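Annotated features in Swiss-Prot:
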- 205: active site, proton donor (ACT_SITE)
- 337: active site, proton acceptor (ACT_SITE)
- 163, 337, 366, 367, 388: (2R)-2-phosphoglycerate binding site (BINDING)
- 242, 285, 312: Mg(2+) binding site (BINDING)
């Protein structure tokens, strides 16, 4: 009944209108799991390889028919006949079939599609929601949403250097109430931008993307939107940043072109320290470039005791790279993107290493998304306590938020909303 009998792939579109991969895994008993693979705009140089066709004419070379062929060819050969409930064996079989360190031969997108679809088929067989199948009886913590409601950098066509400005609803009793606060702040920000005559267009992740004079101005707008919504800044709602600093790191300096400034690493760290003194910032992701480990050591020494420092491009959901960071004492949290590593098994291994080492983990979407809601279930399955999946706008973002509402409802009184407690313990002890 649990034997895999077929694996199918197809090319679909993501939220940016680019092709991506969807995979179905079918069992002998007729259970079907379907999963769609996301894609990023700002990517770490050590991420597992996303296989694209590279043909100049078709979709500008971004087609995924090669990945589809690999799903239905070598990867199907590797897993057909296997037990769909043996996730680790399935994933290891695909890793062995690929035979490369970065999954560049068959494609991390192809492998991830099979990995996630198999998990969904197994959950269907077990008659369990995905979060319960993956996490077991202990899965009960709803994640705090880090909602990107102002976009810049690679996610928007504006002059703002930092990529994401997020509101974080920490002072609420339930996920439902926290999400309501995010939606109300988003609406207040929309009205505020209109009053100021600032463009109301939105970026890839649903946040507004106005031209602003500085990153500080963006935080000022968020502050006013929070206060207009009737919430207490610093108590009920805090901020998180994702500068995506690798995107503006050139020649050993941080080029804040929107502000007309060029900073060395020490000055960049000073800049963050100043912002954290002016605003209730509890998390900074990729504040330094992924290859500026000296800069990461500096910011970890200066802010690591009171601010969550998240490695995204720095760690790329890779346990080997994370282990190096732990040994050097840099960052205190990891962003988890399943397509950075390419299988569910390796994702769990990375998160387990993080938690055992005192690092928190924030489960994340990508800028190129679909209506697939796997990451919502994943966040609850591992009791991550944090999720980043964009603004409360655009269907592919709202799909994840709404899935979490359903999960909270299904958990009933067992559901826990951790608030500030989800963020790095060392930060709170500092």
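A Cβ is built for glycine as well, from the same backbone N, Cα and C atoms used for every other residue.
Taking the features listed in Swiss-Prot, we show where each one sits on the structure.
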residue : record                               : DSSP class
163     : (2R)-2-phosphoglycerate binding site : coil
205     : active site, proton donor            : coil
242     : Mg(2+) binding site                  : strand
285     : Mg(2+) binding site                  : strand
312     : Mg(2+) binding site                  : coil
337     : active site, proton acceptor         : coil
366     : (2R)-2-phosphoglycerate binding site : coil
388     : (2R)-2-phosphoglycerate binding site : strand
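When the alpha carbons of residue 312 (Mg(2+) binding site) and the residue listed as 'active site, proton donor' are compared, the span between them is 17 angstrom. Using CA atoms as reference points, the recorded positions 163, 337, 367 were checked against residue 205 (active site, proton donor), and the closest is 367. With respect to Cβ neighbours within 10 Å, the recorded positions 337, 366, 388 differ, and 337 shows the lowest count. With the fewest other C-beta atoms within 10 Å around its C-beta, 367 stands out among the binding-site residues 163, 367. Neighbour count (other Cβ atoms within 10 Å of the Cβ, all protein chains): 26 for residue 242 (Mg(2+) binding site). Listed in sequence order, the residues 163, 164, 241, 243, 244, 284, 286, 310, 311, 313, 335, 364, 388 complete the 8 Å Cβ shell around the Mg(2+) site centroid, once 242, 285, 312 themselves are left out.
If you check the recorded positions 163, 337, 366, 367 against residue 242 (Mg(2+) binding site), the ones with a Cα inside 10 Å of its Cα are 163.
For residue 205 (active site, proton donor), other Cβ atoms within 10 Å of its Cβ number 30. Taking the Cα atom of each, residue 163 ((2R)-2-phosphoglycerate binding site) and residue 285 (Mg(2+) binding site) are about 10 angstrom apart.
The binding-site residues listed here (285, 366, 367) include 366 as those with a Cα within 10 A of the Cα of the residue listed as 'active site, proton acceptor'.
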